[in-house]
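Trainee: One structure, as structure tokens, below. Some questions next.
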Amino acid sequence: MVANNKGLLIAGLLLSVIGAALFVISLALLPSVLNVATNNAIVDAVIVDSFKSQRYNDWAGQKSVDNYFKQYYYLWNLTNPNEVLNGKNCNFEKIGPFNYKYEWNNSKVSFSDDGNLINYIQSKSYKWIEGEDSLNPFTVSTTNFNPAYLGLLSTLSKNSITLGMTAEDLLYTLASAPQTKQFLEYLSSDNFTMIAYFYNGPKYFNQQYQLLLSTINNNLTTTPTIYFLEQWSNSTIIPTNGNSSLWDNMLISYGLDSPSGISLQSALEILNPMNQYSLLNSTNGISYWINAVFNGPNSNSYQILEQELGINQAQLTLVMIWWLKGFNDQYTMSQLLKQCEIESIELLGVCQFITTIPLGYKSISQFNITNLPWLEPIEIPIAMGTNLTISTNEAQSNLFNDSIDDSLLTIHGLGLFLEQMSTNSNNFTKWNLTNNDAMTMIGYFLSYIPNTTGYSIKSVQSFYNTSGLIVTRTANEWLWDCQDDLLDYLGIDQQCSFQQNNTIFKPSTVYTGKKDLSLTNQYQQFQEQSTLTIWNGTVNVTGFVENGQMAPLVQDNLPQSLTIFEENILRPLSLVHSSSSSVMGVSTQRYYLPNQSFPIDPVFNNSINGFANLTGLFNGVPIYVSLWDMYGVPIEYSSLYINGLNQTYENAEIPLDLEPITGNTLYYNLKLQINLQIPSNANSLWFSSLGNWTNIFSPTNSNSFGIFYPSLKIGQTATASTNDINLLKQQFKQIQTVKIAPVVVVSIFGGILLIAGLVMAINGFRKTFYNNNQYNGYNIIN
């Protein structure tokens, strides 16, 4: 019995040794197999190299729907605008946040290089998130400097120096283009045609009346004049006496069911040129009739004519309709077309503008017309004292045609026109003008409109409350939906809000990581560019796309920095590794954007530490991007003149938490600030002495770049959804399962052998020990 127990012990020990050896072997000899299995699982879960990839839908945009990608804003509110305009420092407060859910959609997708590259077009959209701590962007308003106006002056200053004027004075001059367009629109309107009819109609009526009177025979019980007045006012058919063709459009009741009922005495008063209320009186009567037509039956002029002429409202209206639509359309129009040498009445206004023929060589400003905005002559011959030698048709085709880029009714065309003078080329063949005519036009635009009458100055300054240097707008207008009235008036198609919604970009190409995991989700081309051409030197498009996916499987060789291509400022930015971190129970690595991410760099036009100069990207708008509250910017360009900034690292830091196995960014908070510049020489180069801004503070340091005013703070962050975190944990669990799967038979079998051997050994030992003790104990007792 003892021998059997010893055999059991020996066998158990042998089995346990074998089992332990197998278990150790399973862990020591198969790590390469495990890593391959794990890597393949991660690659399958991360790499998007075909439409069938596991994460294709997430990459295409579903990820932005399922997770909360938040873009949030704080607007800077200028609390003392009037003091600032009088030379005081600015006091700012931040208003917000205004939270938006940010989503993207990738479309027109194609793969190339055997799935190593993916080409796509991306669109982005932002939707305001009501609730949380978000303010309502549609009801909250703030006051600040207007980027549209600053951009306008900044752009104009490049040319105004050559012309020897300030940017604002050049603005007044160029505003002559839309001002002239406004003149011509009025002169080409039905209202002006009616004025021309009222002015010229009496002459041609008298001619027609004399012709007709000569054909009326004298076999009447009354005089031909009385007969004409009776027929003119009440005949509903062509009279039998007189030439029938000459009666055409000479009868106010013609074709009506019943006569007008106007008395003979009233008819005599209406058509008596000596009566100051007469339709044919060119001294006072013309003003009464024009104002009555323009201002309607309730106007004072209408009522005066009714009373003085002894007719009622219906009768007066009937006379007006006949005069404008009957007589003048037939007789006066043809004469005006002939005099102006034009084929269409639509060019009558241009004829008046360059010749003054339609109003008998008089300006429209000379007529006593209620609510007429032109108090001084606006026509070129009267304003300049000389006529142009070109015809009306030539002027319309070459100078005032809205459909051509060089039209003098646009600030672009007028700018080109003035440039010919500033460069002394005097080449105006583009407009088919002689030098004399060109000098007349330049004198008109440079001197007469801006400075003599103030038309263009007043027109520009009329927009200053809503479109000037400092304006008040809702948050929604500042961010997305700004309508700048001054830009619209000038015909400038330029966005005046800081952001764009539902934008569709040019195609981009990204590495999928199929051939090189380190390139996963890095740009090859950003919007068709592999090298950016907007900067002063070569800037290659490099870095990860801003959608949160970095290179996977970096846990064993953790990168000390991550380079992201920042789409808003068009340059690569590097974040440096800081420490370990954790997001919702998942181990991550924390990275930060360094403080000096925008150093002085001539390639990027950066002249001040902490400011990214984006003026060239935004059509001359002097935009400078910084960290929040201008953190890292020297005080002489920030807190020295700006009150309300919170320049602390904790406020401005930009963190990113990377899960290094999958390469997923589980948390980040990108924070940038938009600032606007007013240069130190703005008072001498930008602002006109005729304007409102010359008292604004300007640093006395001649080397200063001016003052930079904060506009808005932009933040973008993302928090993975609970579902995504749970899915990530499940993937880790699956990866762990994949990891042990190849050795499960060996390890489990080895473990069983180990356990069985230990059990057998223990049992054998126990039995041997029991028998030995039993034997010894018996001897003792005994």
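Easy rule for this one: first residue shown is 1, then count along the chain.
Just so you know, glycine gets a Cβ as well, placed from its N, Cα and C.
Below are the features I grabbed from Swiss-Prot:
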{"type": "TOPO_DOM", "residues": "1-7", "note": "topological domain 'Cytoplasmic'"}
{"type": "TRANSMEM", "residues": "8-28", "note": "transmembrane segment"}
{"type": "TOPO_DOM", "residues": "29-739", "note": "topological domain 'Lumenal'"}
{"type": "CARBOHYD", "residues": "Asn105", "note": "N-linked glycosylation site"}
{"type": "CARBOHYD", "residues": "Asn219", "note": "N-linked glycosylation site"}
{"type": "CARBOHYD", "residues": "Asn243", "note": "N-linked glycosylation site"}
{"type": "CARBOHYD", "residues": "Asn401", "note": "N-linked glycosylation site"}
{"type": "CARBOHYD", "residues": "Asn427", "note": "N-linked glycosylation site"}
{"type": "CARBOHYD", "residues": "Asn432", "note": "N-linked glycosylation site"}
{"type": "CARBOHYD", "residues": "Asn501", "note": "N-linked glycosylation site"}
{"type": "CARBOHYD", "residues": "Asn536", "note": "N-linked glycosylation site"}
{"type": "CARBOHYD", "residues": "Asn540", "note": "N-linked glycosylation site"}
{"type": "CARBOHYD", "residues": "Asn605", "note": "N-linked glycosylation site"}
{"type": "CARBOHYD", "residues": "Asn646", "note": "N-linked glycosylation site"}
{"type": "CARBOHYD", "residues": "Asn692", "note": "N-linked glycosylation site"}
{"type": "TRANSMEM", "residues": "740-760", "note": "transmembrane segment"}
{"type": "TOPO_DOM", "residues": "761-782", "note": "topological domain 'Cytoplasmic'"}
{"type": "MOTIF", "residues": "777-781", "note": "motif 'Tyrosine-type lysosomal sorting signal'"}
Trainee: Who sits close to Asn605 (N-linked glycosylation site): which same-chain residues at least 6 apart have their Cβ under 8 Å from its Cβ?
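Mentor: Result: Trp535, Asn536, Asn613, Thr615, Gly616.
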Trainee: Taking the Cα atoms as reference points, how far is Asn243 (N-linked glycosylation site) from Asn401 (N-linked glycosylation site) in Å?
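Mentor: Here the two Cα atoms are 44 Å apart.
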Trainee: Asn432 (N-linked glycosylation site): which of the glycosylation sites Asn105, Asn219, Asn401, Asn501, Asn540 have a C-alpha within 10 angstroms of it?
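Mentor: So the list reads none.
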Trainee: Around Asn401 (N-linked glycosylation site), which of the listed glycosylation sites (Asn219, Asn427, Asn501, Asn540, Asn646, Asn692) come within 10 Å, judging by Cα atoms?
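Mentor: Among Asn219, Asn427, Asn501, Asn540, Asn646, Asn692, not one has a Cα sitting within 10 Å of that of Asn401 (N-linked glycosylation site).
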Trainee: When the Cα-Cα distance from Asn501 (N-linked glycosylation site) is computed for each of the glycosylation sites Asn105, Asn219, Asn427, Asn540, which gives the smallest value?
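Mentor: Closest by Cα distance to Asn501 (N-linked glycosylation site) among the glycosylation sites Asn105, Asn219, Asn427, Asn540: Asn105.
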Trainee: Spatially, which candidate from the glycosylation sites Asn219, Asn427, Asn540, Asn692 is nearest to Asn105 (N-linked glycosylation site), comparing Cα atoms?
Mentor: Asn540
Trainee: Based on DSSP, name the secondary structure state of Asn105 (N-linked glycosylation site): helix, strand or coil.
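Mentor: Its secondary structure by DSSP: strand.
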Trainee: Mean pLDDT, the topological domain 'Cytoplasmic' (761-782)?
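Mentor: Looking only at the topological domain 'Cytoplasmic' (761-782), pLDDT averages out to 37.
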Trainee: Helix, strand or coil by DSSP: which one applies to Asn219 (N-linked glycosylation site)?
Mentor: coil
Trainee: Across all chains shown, how many C-beta atoms besides its own are within 10 angstroms of the C-beta of Asn432 (N-linked glycosylation site)?
Mentor: 13
Trainee: Counting other Cβ atoms within 10 Å, pick out the least crowded of the glycosylation sites Asn219, Asn427, Asn501, Asn536, Asn646.
Mentor: Asn219
Trainee: So if I draw a 10 Å sphere around the Cβ of Asn692 (N-linked glycosylation site), how many other Cβ atoms end up inside it?
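Mentor: The answer is 15.
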Trainee: Say you check the Cα of Asn219 (N-linked glycosylation site) against those of the glycosylation sites Asn427, Asn646, Asn692; which is nearest?
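Mentor: That would be Asn427, nearest by Cα distance.
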Trainee: Write down the Cα-Cα distance for Asn646 (N-linked glycosylation site) and Asn692 (N-linked glycosylation site), rounded and given in Å.
Mentor: 31
Trainee: Just checking, which of Asn105, Asn401, Asn540 (glycosylation sites) has the fewest C-beta atoms within 10 Å of its C-beta?
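Mentor: Fewest other Cβ atoms within 10 Å, among the glycosylation sites Asn105, Asn401, Asn540, is found for Asn540.
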Trainee: Suppose we draw a 10 Å sphere around the Cβ of Asn243 (N-linked glycosylation site). How many other Cβ atoms does it contain, all chains included?
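Mentor: Other Cβ atoms within 10 Å of Asn243 (N-linked glycosylation site): 12.
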Trainee: Roughly how many angstrom lie between the C-alpha atoms of Asn540 (N-linked glycosylation site) and Asn646 (N-linked glycosylation site)?
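Mentor: Taking the Cα atoms only, Asn540 (N-linked glycosylation site) lies 34 Å from Asn646 (N-linked glycosylation site).
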